[in-house]
Number of protein chains: 2
Amino acid sequence: MVNIAVLGYGTVGSGVVEVINTNGKRINQRVGDEVYIKYVLDLRDFPGDPVQEKLVHDFEVIVNDPEIQIVVEVMGGIEPAYTFVKRSLLAGKSVATSNKALVAKHGAELLSIAKEKNINFLFEASVGGGIPIIRALNSSITADEIEEITGILNGTTNYMLTKMFYEGADYDEVLKEAQEKGYAERNPEADVEGYDACRKIAILSSLISGYQVDFEDIYTEGITKITKQDMMYAKAMGMTIKLLASSRREKEHLHAIVAPYLLPEEHPLYSVNGVFNAVFVHGNVLGDAMFYGSGAGKLPTASAVVADVVDEAKHLNKNVMTMWESEKVELFPIEETSKRFFVRISGDAEAMKPHLESKFGAIDVVKVEKLANEFGFVTGVMTEGEYSRNAAEFPGILHMLRIEE
Amino acid sequence: MVNIAVLGYGTVGSGVVEVINTNGKRINQRVGDEVYIKYVLDLRDFPGDPVQEKLVHDFEVIVNDPEIQIVVEVMGGIEPAYTFVKRSLLAGKSVATSNKALVAKHGAELLSIAKEKNINFLFEASVGGGIPIIRALNSSITADEIEEITGILNGTTNYMLTKMFYEGADYDEVLKEAQEKGYAERNPEADVEGYDACRKIAILSSLISGYQVDFEDIYTEGITKITKQDMMYAKAMGMTIKLLASSRREKEHLHAIVAPYLLPEEHPLYSVNGVFNAVFVHGNVLGDAMFYGSGAGKLPTASAVVADVVDEAKHLNKNVMTMWESEKVELFPIEETSKRFFVRISGDAEAMKPHLESKFGAIDVVKVEKLANEFGFVTGVMTEGEYSRNAAEFPGILHMLRIEE
């Protein structure tokens, strides 16, 4: 019997209990032993719920019970999650978590404790919900150098952008609807400003580089400035707008960014719609691959957490996770990264084109019939620094979007 | 040092050598030891190629060398691959293979030998080339009951159908072009008749059910009868046509099929174009997920083979692969499986609708302007048996396509 304790009986925690109850027979068959939930930690009581008999209010009961071999942390937030996870690992218990904030901040340290103790710290559910991207990077795509990883890592904003694209709705409208449907929080900042996607790409960046990438260092721009006019231009160009979180390796350098991008129809991420998430990976021998699925939700997230539990139960005394060092990797300054830019500007295209081309080089003009007194143009490939210097000379610029090739 | 031998220096074999040479440092880091190619088996000589010094012509050298811990079988075909793989496993050497014919036919037996010897028989590259679907089923989606797995598993036919859809080309035209580009063999039967996809879905079906699924038992229909007229109807309905290989579990039953399907725009497989492959998975708690990537090609396939080598090198004395029993699973007869059907029929829609509806129930008529003297209709959900019985009464039926919901 493998005894586990679940810290937190919220959405994901109750999902973990439900998944183990529903698929227990199959799970035990895969582990080759019985996975048994001995404790559930929560400050609350749940009278009438069968979980009540396993409920404890004091973490000491769990950490001091030598029978507990795996701890599932699904409380969220940094504290007390960090203290509980660290103490569990130091006590020789493997930990599975869905907590992206914890992993982004303390992943390197917690992984190194797990390695030292020859146990495991796994966090599949912290990025992309049910999408098995972390295990793919750790155990599947092991013959490659991962050169790029680009994801749609936030379901709330993808739902909103999908609505704006297909229904021509404006930002405020879709935010209100997303809030009514429960897809967006009353305070939607973490989603719409890109902070959630930023923590997730920080974790993926650390994994592919092997070094610590601090989320605070990643240039992050949300979707709050995306308008229905932007979507009209996107459509006119046969593209869509997605909030991408991306990390690219170039020799010793890494550049990471979270921002809304224009995406061409041929890109595998183009048709990832609604609350779905997807992660595009480019390996130097594998080429292009993509992983798609539910980025959030009680059961998909719990499915990923329980898959970690299965892995840990099969490797009780063997560390299987790739480490990343606590040493920080230097991110390439955004000013020096190159791409094409789409720019909306007030005025008349014919009159302004010569001046624009004198600064930006050859441009492609884009017009949307319904939008008078403005036009769009696409630049050639240039650095963000060059773009900014040139753009400063045109006060009529209304909005800029980066283009993903 | 982990010594390996590569059986076969063809496309995939030379890819394996190239991947290990290119990414050796990273691979060794992941294994925690040096992976060293000691032998390459081939009947031919390769004078001038650095591989020549590792070349052996006699399998006995490999199987009798106690230093060889992992054998990579990339020769293809049943014999002598089967004999070599079985003897390697019996000699205590783990095996990684890309050979779908071998795995579909002898997978259960080879897996059971590996389990008995506490070594591994892995075959990631046998399905979906570089797409890590087998490891995902084995190690990632372990908290779920997999209820459905549906894939675009053959790049040649997907390339052809994509061309037919986007360019309105006819079957013979695109086949000729695919042959000229080297995407299709001179004898294209294995691809266009669905035999290749059938072996791959047989492997996936065995994995998700845990029992032997014989590819001979799977209803298989290729793309040779798909015409540009079919594509015109598909477009008129907002759908496309894809060769799907699908396996669905229903309690103790499994139904598996390979056939061209009409696919709606919302389906994640809709936008999988060109030579790319993708596998859609539905788990009872995970929900929908999809894995996308290169289904063939020297380096993507080699990437998957070498990832198996890495896994085996990390688990030299630990069996990690889910078994499937050699006992056969009974497939649900195709006549009893239910779906909607799209039918093209000669004649006048208005005149024929009452008679059609008296047999098929309510139908939706589809017309394509350029196609006179015929029309299409979509039935409600019915079994294949019901459909066939009703269709027998209408000699004017030109073609039938199944609809994937």
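Here the Cβ of each residue, glycine as well, is placed from N, Cα and C on the backbone.
What TrEMBL records for this protein:
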{"type": "BINDING", "residues": "B:Leu7, B:Gly8, B:Tyr9, B:Gly10, B:Thr11, B:Val12, B:Gly13, B:Ser14", "note": "NADP(+) binding site"}
{"type": "DOMAIN", "residues": "B:8-124", "note": "domain 'Aspartate/homoserine dehydrogenase NAD-binding'"}
{"type": "BINDING", "residues": "B:Lys100", "note": "NADPH binding site"}
{"type": "DOMAIN", "residues": "B:132-310", "note": "domain 'Homoserine dehydrogenase catalytic'"}
{"type": "BINDING", "residues": "B:Glu185", "note": "L-homoserine binding site"}
{"type": "ACT_SITE", "residues": "B:Lys200", "note": "active site, proton donor"}
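Here the Cα atom of B:Glu185 (L-homoserine binding site) is found 18 Å from that of B:Lys200 (active site, proton donor). Taking all protein chains in view, 20 other C-beta atoms sit within 10 angstroms of the C-beta of B:Ser14 (NADP(+) binding site). Every protein chain considered, the tally of other Cβ atoms within 10 Å of the Cβ of the residue listed as 'L-homoserine binding site' stands at 13.
Distance from the CA of the residue listed as 'NADPH binding site' to the CA of B:Gly13 (NADP(+) binding site) is 15 Å. A mean pLDDT of 95 is what the model gives for the domain 'Homoserine dehydrogenase catalytic' (B:132-310). Cβ neighbours within 10 Å of the residue listed as 'active site, proton donor', excluding its own Cβ and spanning all shown chains: 26. With respect to B:Lys100 (NADPH binding site), the closest of these recorded positions in Cα terms is B:Lys200, chosen from B:Leu7, B:Tyr9, B:Gly10, B:Val12, B:Lys200.
In sequence order, B:Val6, B:Gly15, B:Val16, B:Asp42, B:Val74, B:Met75 are the residues of the same chain, not among B:Leu7, B:Gly8, B:Tyr9, B:Gly10, B:Thr11, B:Val12, B:Gly13, B:Ser14, whose CB sits within 8 A of the CB centroid for the NADP(+) site. Distance noted between the C-alpha atoms of B:Tyr9 (NADP(+) binding site) and B:Lys200 (active site, proton donor) is 23 Å. Summary for the binding-site residues B:Gly8, B:Gly10: the Cβ-based neighbour count within 10 Å is maximal at B:Gly8.
Residue counts for the domain 'Aspartate/homoserine dehydrogenase NAD-binding' (B:8-124) under DSSP, split into helix (H, G, I), strand (E, B) and coil, are 60 helix, 21 strand, 36 coil.
The distance from the Cα of B:Val12 (NADP(+) binding site) to the Cα of the residue listed as 'active site, proton donor' comes to 18 Å. A simple way to gauge crowding: the CB of B:Val12 (NADP(+) binding site) has 27 other CB atoms within 10 angstroms, across all the protein chains here. DSSP classifies B:Glu185 (L-homoserine binding site) as coil under the three-state reduction.
The two recorded residues B:Gly10 (NADP(+) binding site) and the residue listed as 'active site, proton donor' have their Cα atoms spaced 21 Å from each other. Taking a C-beta cut-off of under 8 Å and a sequence gap of six or more, B:Leu7 (NADP(+) binding site) has these contacts in its own chain: B:Gly13, B:Leu41, B:Phe59, B:Ile62, B:Val71, B:Val72, B:Glu73, B:Val74, B:Met75, B:Ala81, B:Phe84.
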